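Worksheet for the structure shown next.
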Amino acid sequence: AAGGASRGSVGASRVPSPTPGALCAQRPGAEPRRPLSVPFEWCGEPRERLRGELSSQKKFDEIKKANQAAARKLAEEQFSSSSEDDDEDAEIKQGKILAKTFTIYTNQTDGDASELERTRQYMNEAFQSGAMTCLICIASVKRNQAVWSCCGCFCIFHLVCIQKWAKDSLFLVSSPLTDDDFGKKDYPWPCPKCRFEYKRSETPNKYYCYCGKVENPTVDPWLVPHSCGQICEKEFKPPCGHKCLLLCHPGPCPPCPKMVTTSCHCRKAKPVPRRCSAKEWSCRLPCGRMLLCGQHTCENPCHSGDCQPCPRVSKQRCICGRQTAERLCASPQWQCEQVCGKALPCGNHTCEQVCHAGPCGDCPRSGKRSCPCGKSKFTLPCTEDVPTCGDSCDKVLECGIHKCLQRCHRGPCEICRQEVEKQCRCGKHTKRMPCHKPYLCETKCTKIRDCQKHQCRRKCCPGNCPPCDQVCGRTLGCRNHKCPSGCHRGSCNPCPETVDVKCNCGKTVIKVPCGRERTIKPPKCKQLCSRPPTCHHPTQEKHYCHFGRCPPCRQSCQKTLTCGHLCPVSCHDEALVKQTGIHQFAGPWEQPSEPAFIQTVLPCPPCEVPIPVECFGQHEVSPLPCHSAGPYSCKRFCGRLLSCQNHTCMKECHHVTKINSNADGKKAGPECLQCEEECTKPRPLGCPHRCVLPCHPGDCPSCLQMLKIKCHCKLSALYIECLKLTSADVKEKDLLTSCKNQCPKQVSSETNKQKNLKKHLGPK
């Protein structure tokens, strides 16, 4: 028992039990401990229990860590994608973030918010569902992913994707080079979208915010995704000396909002303060600068750049001076189409040049002239032609190998007709044939072109195989189009097309990269649904544009019921009704499917308009539903006065037929009970008999029964009619109750004294 108690106490307090050594040990100076009547095996039980507790605690800690990691991951995913902020709260939040980003531009510089539309569009795409898409992998760009933005088109890509793109592009460009040339030239790589070229050294290797100040910006739900939240401070383009004042943002910087003092293009007007982005302006006054013609001034309004050519027309002579025509003042030099025709110094020929300036020059046939082959020269008058020399021509023919064997002749030489042993272009075959004919064999080249996919297949190829002329034709990542480029190595360029994702009515449109239209959510449209109503109502309830079926009509039915009232319940023309009992299971192996619902028109429910209705017995008027309105029983007693004029009908409220329309409504009808009670009217005083009639109206009949009474002396029995006795007065009653005999009673002395006293005193 002691051991059991000790065990219970240890287990209840959850204190580890002492070891066997501790049970035997004693403190110095302490009294000897009493030996515990506990078996030795029990001392190891708490140790095993402690081990179990430690393992349970370890498992609990592991589960706790796993739950914390799952919660942390869930929290990251909540802000990871830009496609999750598509409810009304997210729109309000987005508006606040945009307003915060544009605060410095609109407030401190008085900037016009309309100039921010292009930047606002890029920022809206950063928030819109799926608008930020990497064109390389055709996947959404999430908030917590490292990105890179092109400085030409401001398109956003995953950092890993653009690094792989740059590496592949550089490899494809440098692959045709020889080993000696490889790496000596810094070949650029292009942006996948706008083809803006970057140097090899500009390949991104770190994740920066849009303005490039912060590396690895933290995820902040109250900032634009991938923004550091600091002022941009990028130089404006074109450079004006000022910096962007927006918070770190995607897309191009807005126009410079600073105010500067500047004059107009022609410098005539006084300088005025204007926005730096629109500092060039026109005063609209005439320009007045001298034109190139040297005679007129520019009459156009104040403009930038050079003045236009003089638009005036004047009469001007041609170069030779023979003709005069009206021409633009801006082009005074012109030629007529007449041949000069002036006599040359030789006196035998005329100038054959078309309208020209200056002297005509010497006769082209004067001086020493060569024969057609050019070997002999002759000095002859300009009127004589140069003769042939009779020597061989020896001009190199078109083949470039042989010479013309004819004698000196006028005109072109003939084609080379010598037969030679010619080698084909690819060098695999030879043939003896005329020199002027090219020799191409029929052997097709089997070399692989630069695409590393197709053979050259060109006949008699000299070895410089041209680039592959076939179309790539591979399906792009969008899965809608095929690559239109020539056959190439490596991955294809992203699909350049964009697709319009529209709402159901088509008035709200967002542009997404091709291929994303299958996974993108349609934009939220603020236009009202324009579909015709599918119920009997002329118009449907106002709701926004949507896909799928319109929501059930919640308007009041308002159909006219058979009673004439309007149905007040919600429209039930398209009610979903559960179908049951359609399919019978063939056996227990068939699993029951979800119940099927069909859309049907339900009849209007019974009319519930309250109608005041009087009960059968006209006791009360109660409002009853129109569909059940009609005479009813109020469950009270009828209460109509029966024909006996003494009792009322005790039946439950019932219908009563009126025999006479002018009769009293409180009288009993044929449906009421007939009174079967005895007459209970009070009898005349002294009549002990009941009324011989049943319950009846009016007075009871006279009682004709005989009463047996004793006379005053109690000696005789008298029989008297009840009516006479009850209707008689006191004296008559005394006479009727007297037997007319002598009274046998003795008068007492006291009685005599009273009689004598009355006689002596007399009447009062």
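Here the Cβ of each residue, glycine as well, is placed from N, Cα and C on the backbone.
Whatever TrEMBL says is automated annotation, not expert-curated.
Source: prediction; values computed, not measured.
If you check TrEMBL, you get these features:
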type	residues	note
REGION	1-37	region 'Disordered'
DOMAIN	240-258	domain 'NF-X1-type'
DOMAIN	293-312	domain 'NF-X1-type'
DOMAIN	346-365	domain 'NF-X1-type'
DOMAIN	399-418	domain 'NF-X1-type'
DOMAIN	426-447	domain 'NF-X1-type'
DOMAIN	451-470	domain 'NF-X1-type'
DOMAIN	478-497	domain 'NF-X1-type'
DOMAIN	535-555	domain 'NF-X1-type'
DOMAIN	644-677	domain 'NF-X1-type'
DOMAIN	687-705	domain 'NF-X1-type'
Next on the checklist: Could you give me three numbers for the domain 'NF-X1-type' (293-312), the DSSP helix, strand and coil residue counts?
Outcome noted: 0 helix, 2 strand, 18 coil
Item to check | CB contact flag for the domain 'NF-X1-type' (426-447) and the domain 'NF-X1-type' (478-497), at least three pairs under 8 A | outcome: no
Checklist entry - What same-chain residues lie close to the domain 'NF-X1-type' (399-418): Cβ under 8 Å, and 6 or more beyond its ends? => result 371-373, 375, 388-393, 434-436
